[in-house]
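Not my notes, these are from Swiss-Prot:
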- 1-63: domain 'TGS' (DOMAIN)
- 247-544: region 'Catalytic' (REGION)
- Cys344, His395, His521: Zn(2+) binding site (BINDING)
Amino acid sequence: MAQISLTFPDGKAREFPAGITPAEVAASISTSLGKKAISASVDGRHYDLQWPIETDAKIAIHTMADEAQALELIRHDLAHIMARAVQELWPDVKVTIGPVVANGWYYDFDRDETFTPEDLGAIEKRMKEIINAREAVKTELWERARAIAYYEERGEPFKVELVQAIPEDQSIRMYWHGGWQDLCRGPHLQHTGQVPADAFKLMSVAGAYWRGDSANKQLQRIYGVAFKTRDELKAYLHMLEEAAKRDHRKLGREMELFHLQEEAPGMVFWHPNGWQIYRTLEDYMRGRLRQAGYKEIRTPQVVDRKLWEASGHWEAYKENMFIVEVEEEHAKEKRINALKPMNCPCHVQVYNQGLKSYRDLPLRLAEFGSCHRYESSGSMHGLMRVRGFVQDDAHIFCTEDQIESECAAFIELLSSVYKDLGFDSFEIKLSTRPEVRIGSDEAWDKVETALENAIRKVGAAYEIDPGEGAFYGPKLDFKLTDAIGRKWQCGTFQVDPNLPTRLGAEYIGEDGAKHRPYMLHRAILGSFERFIGILIENYAGKLPFWLAPRQVVVASIVSDADPYVAEVVAALRARGVRAEADTRNEKINYKVREHSVGKVPVILAIGMQEVEARSVSVRRLGETRTESMGLDQVVDQLAADARIPG
């Protein structure tokens, strides 16, 4: 029998018969590993324990201790178990697809009746019965004709269509347990009992079109979440409850920050309070960029298609652009313009004005650029996903040798900004060269090394995402962690030698010859709209004092105190504090409660005692106790708190 060589993570290699399965490999190492094994990685591919290995390969055996692989298998198996449970409860239901998604899975079903909350409970119960039965999960390769005949016989048109879409020279892999079969690439666990029965929950039902096309039949999508332990599930459900309380759409109404409406889908109507947050954040970012050596510019929002064709965006991005046709005098054809979906081609136009020398580099151009992208109506979500937004966008034009230092400076700036805004931890992911790419391996080596050196220079941790860079260069993605543990991808740093070439950007080098600069696309917030949504949810509306739209409300207890209230408000405003008076004929407790709902950080209550002592009674948001302070003292303190960081 032919032999193959399998190399393990420790670098040691062993000979095995060709066709051996990972399950057999695990058992050959130790009885314990044979029992604990759930899957393998073979040459980087996630591999079922039942699949044969025919050639030399690198292999790693996975157990439940391997978080990523374990969760993928648990969630994938639950998709199958749920689909089986649904068809056992309602045999007429047709099945389609059921992939793993973030935190869980979904499966799409064709059913005439709508799934109810009671139905979800019945499905969960049947799923737990299947899990507790510890039924073996088996797999087999079928010929295409056999798979089509199998699904046609059972009246499963969606599965027939899926099989027919698979190339004719490929075999069809089937998985089954308890007599229920599904078309699937795998891998899966070895028996249903390996799925934790107390660590999953069916969450919701939503509509979904077959293959995502609104021209096709509408299906019902059941979502589920799953984890390795019951405690992890409880923690996740608690996080969802907390997230619901912090929902920026709900708080946006309570704090009178913004609204959206059908006449302008995906476009934000900022109210005075929300616009104040926006402007304060913009002023903060403008100051930080100025300190870091950026020059602010402004470019047009409506640009002729010729520029988008030259940049390559027209071909690749046209479907997501807002097109504007204009009839101009004496023109034979209509002029076709587009609202810019990104700022980079316009920034190259600014760079191209006037001859540049190597002495002018690095040149850092920043813009709070207004962009528009056509997002599908189903994908829009409050401030988090909109069609009209403003980026804290900047592009650095530099030489290859300057990439490392510019990247390091950017990471330090980003880290400082996030810290000022209340985010002390973030993750960095380095996406490296894809298979299809431009440029030489030597050029990619230099740039990827420059980014890694920059990250190490600032002492940050990072992970590599192999093959996920753009076709023209590697990139860094920055994910911050909020107060309830959610991760948000906001910052980016993208190396681009392509756009300067397409749009003719040049500089004169030390050798007197013309060279192409590198263009570094970078953002810290991403978009103001989305980042403000993140801030609102991170702080549950209780924004830092300097960022709060209404920083202080000075409330009278009796009408005789109104003149002193006006004096206090004037003193605070003179020192840059956003202060308002509340002299309505309402009880002080009512005023305090109302302004607390509006998330005002400080309420100063004033009665005759405070008038006579020229003091104020200070109540801070979230606290029940009050503190008496002299007028000059409270003005000095609040003026200091109101200063924008940096």
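For all residues, glycine too, the Cβ spot is worked out from N, Cα and C.
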I'd like to know the mean pLDDT over the region 'Catalytic' (247-544).
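That region's mean pLDDT is 95.
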In the structure shown, which of the binding-site residues His395, His521 has the fewest other Cβ atoms within 10 Å?
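Comparing Cβ neighbours within 10 Å for the binding-site residues His395, His521, His521 has the fewest.
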Let me know the DSSP-derived helix, strand or coil state of His395 (Zn(2+) binding site), please.
strand
Cβ within 8 angstroms of the Cβ centroid of Cys344, His395, His521: which residues besides those meet this for the Zn(2+) site?
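Everything else in range on the chain: Met342, Asn343, His347, Asp393, Ala394, Gln494, Asp496, Leu499, Met519, Leu520, Arg522.
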So what sits near Cys344 (Zn(2+) binding site) in its own chain, CB-to-CB under 8 Å and at least six residues off in sequence?
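Result: Ser311, Asp393, His395, Asp496, Leu499, Met519, His521.
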